Amino acid sequence: MSQLDPYGNQTPNRAPDSWVPDPWLDQPDREPAGEWPTRNGRADEPYTGSGDLPYSEAEAQTAAYPQVQPRAEADAEPATDPVRPRRPGPGKRRATGRAGRNLPAAIGVGVTLGAVVIASLFVWRPAFLAVIVVALGVAIWEMSRAVRAVGAHPPAVPLAAGGLVTIGMAWYAGEDALMLGFLVTLLATLVWRLADGLSGFGRDAAAATLIAVYVPFLGGFAALLAEPDDGARRVIVTLAAVVLSDTGGYVAGVFFGKRPMAPTISPKKSWEGLAGSLVATAVGSAILLYLLLDVEPWWGAVFGLALSIASVLGDLAESMLKRDLGIKDMSNLLPGHGGLMDRLDSILFALPTAYLLLAVFT
């Protein structure tokens, strides 16, 4: 006779008294849960014979295997505290102005150059001629290098030699000598360049003419200003007017500047800054010319207004030139300033203006 086993299979010729209990179904009664031994406050089941491990041993074995994080937690980036940038310690920060200049270096260089000019004017007058020659020689070198950015190569040798001779001629022989020296320098430069062929001659000739007019010709008026007996004071009031214009424009632009004056040429210049330049230069020049040259205050105010406008035009002219050349500074010769031409741009336009006005006023 066959019987059905617990799995539904037929077992033939098996007597009921030979039944063997199945360990999966016929397990002995477990002990009450309250009588189970505990470990670390957790009930530990006794071995049941079913192949399961006690709870504590199973937990220990499970902890030995790597734990798989849920997908959302695995894909998430570990949370980290944001790293705050460290502030530089003492001596590591630089004071910069609106233009990004190093103000301490700029002020130090400006004071040093001013002291050299004043000392050369009042200690030994011929030393001022040497200051002019060195300054304009460096300016010619900077300009000759700068125009190479557009492929121009003006002859630097005749430009520098002729320009410096022109300054000396203006110092000793006056206005006519300045004009003669300029024309001779320009002619010699063009002939020198023509000897290298016609390829690129027009471009190089235009660059040479620009440099000759911009640097030695305009700079030669510094020698004309210093030539009279009161020449030292004339130079001082001229340079002071330029400094007043720059300072007044900077302060007014920082505190009140809202409307850009020439955004495509010099974005940081504003109409409010121009007003500050005009006011500061007019007031300061009225006082200085009255004290140093015995000029009526209203004439001094006119002098200051004219030099302020000339200074701003000179600054804008060089800014436009540098934009066309695709450069920021003429060189990095002066810390905090750039090149020497970056300091002479306003002065070069102010020199002939001051010379002509002082010739009328005095």
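Cβ atoms are placed via backbone N, Cα and C, with glycine included.
TrEMBL lists 1-13 with the feature compositional bias 'Polar residues'.
Annotation comment: TrEMBL describes 1-99 as region 'Disordered'.
Look at TrEMBL and you will find 85-96 tagged as compositional bias 'Basic residues'.
What TrEMBL lists as transmembrane segment is 102-121 (among others).
What TrEMBL records for 127-144 (among others) is transmembrane segment.
Per TrEMBL, the feature transmembrane segment maps to 156-172 (among others). Remote same-chain partners of the transmembrane segment (156-172), defined as residues 6 or more beyond its termini with a Cβ less than 8 Å from a stretch Cβ, comprise 129, 132-133, 136-137, 140-141, 144, 178, 180-182, 184-186, 188-189, 192, 208, 211-212, 215-217, 219-221, 223-224, 226-227.
Under 8 Å from some Cβ of the transmembrane segment (178-195) lie the Cβ atoms of residues 154-155, 157-159, 162-163, 165-167, 169-170, 201, 204-205, 208-209, 212-213, 216-217, 220-221, 223-224, all in the same chain and six or more residues away from its ends. Among the features that TrEMBL reports, transmembrane segment is placed at 178-195 (among others).
According to TrEMBL, the feature transmembrane segment maps to 207-226 (among others).
For 232-252 (among others), the entry in TrEMBL reads transmembrane segment. Long-range Cβ contacts of the transmembrane segment (232-252) within its own chain (Cβ-Cβ under 8 Å, at least 6 residues beyond either end) map to 97-98, 114, 117-118, 121-122, 125, 128, 222, 225-226, 269-270, 272-281, 284-285, 288-289, 292-293, 303-304, 307-308, 311-312, 346-347, 350-351, 354, 358.
The feature transmembrane segment is assigned by TrEMBL to 273-292 (among others).
Look at TrEMBL and you will find 298-321 (among others) tagged as transmembrane segment.
Note on the transmembrane segment (127-144): residues 116-117, 119-121, 154, 156, 159-160, 163-164, 167-168, 171, 210-211, 214-216, 219, 222-223, 226, 232, 235, 330-331, 333, 339-341, 344 of its chain, located 6 or more positions outside it, place their CB under 8 angstroms from a CB of the stretch.
Counting only same-chain residues 6+ beyond the ends of the transmembrane segment (273-292), those with a CB under 8 A from a CB of the stretch are 233, 236-237, 240-241, 244-253, 256-257, 261, 298-301, 303-305, 307-309, 311-312, 361.
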